[in-house]
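As recorded in TrEMBL, the features of this protein are as follows:
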- R107, T140, R141, K142, R164, K174, E203, D224, S247, G248, G249, V268, G269, A270: substrate binding site (BINDING)
- 30-117: domain 'Quinolinate phosphoribosyl transferase N-terminal' (DOMAIN)
- 119-283: domain 'Quinolinate phosphoribosyl transferase C-terminal' (DOMAIN)
Amino acid sequence: MTSMDDTLDKQWVEDLVRATLEEDLAGGVDVTTTATVDPDQVSVAELVARVDGVVAGLEIAELVIRLVAGSDPVEIEHSVTDGTAVRAGDVLLTVRGKTRQLLTAERTALNLIGHLSGVATLTRRWVDAVEGTGAVIRDTRKTMPLLRSLEKYAVRCGGGRNHRMGLSDAALIKDNHVIAAGGVAEAFRLVRKAYPDIAVEVEVDSVEDALIALESGADLILLDNMPVGQLREAVEKVAGRARLEASGGLTLDTARAVAETGVDFLAVGALTHSAPVLDIAMDLRAV
């Protein structure tokens, strides 16, 4: 279980949530709610999981509601915490406040928590698929623009681990860098010369290039689109002298076989670029 406060910048999250609300309201008001709901009406709303999954983004959903409420009183009670596995029908959050504000906040809150919970749920499936092998599931930079920090937080809620947050965190020499530099060894040499203290990962598509990367001094070698047999050969020849990460063409069906080759990590872009939204709804009742 994870606390958003421990891992994300509060002001950045608030600015993002304000922007999403502004996108929805477009400088105006919720015309349907304003027309149909008395301004003084108070309701209780529950955020309810419609399907099984892993929750992420409860505090962000709460922030949406509190920002819409402004100075008006609102009571919010969490039934679970981020990272919790829930069943269909479980209540995640209960809110008491003005009906207009709850309805105005509803879609933005559900969009965010549904997306993040979808990422956490898919991540948990991958983590479960390789359980007991020693391999770790990691994400990639294949994230939605401006949502990377939140999506990577959701990956952690699902039990996965984050790779780079951005381009400046570590060096990852990919095929195009190798082409531009004139080879794996030369690309590594240039990166190490420019940034002597930074961690360097090298992407390769053959065992031969993996050994070149190893001899160059790579901290981590990414084995791209290699079949299981080739992965196993790379693990045997590298023999623990560098960490190895399998990437490309991975599926839940093949995850365990890949993990059992002895690689240290599985890089899974699908965690963030293909996670289905977890179906979460807001059920309202007047009081």
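Even glycines carry a Cβ here, placed using N, Cα and C.
The C-beta environment of R107 (substrate binding site), restricted to residues of the same chain at least 6 apart in sequence and closer than 8 Å, consists of D24.
As a summary of secondary structure, the domain 'Quinolinate phosphoribosyl transferase N-terminal' (30-117) carries 37 helix, 24 strand, 27 coil according to DSSP.
Confidence for the domain 'Quinolinate phosphoribosyl transferase N-terminal' (30-117), expressed as mean pLDDT, is 98. Each of the binding-site residues G249, G269 was assessed for Cβ neighbours inside 10 Å, and the highest tally belongs to G269. When the Cα positions of R107, T140, R141, K142, R164, K174, E203, D224, S247, G248, G249, V268, G269, A270 are compared pair by pair, the longest gap among these substrate-binding residues is 41 Å.
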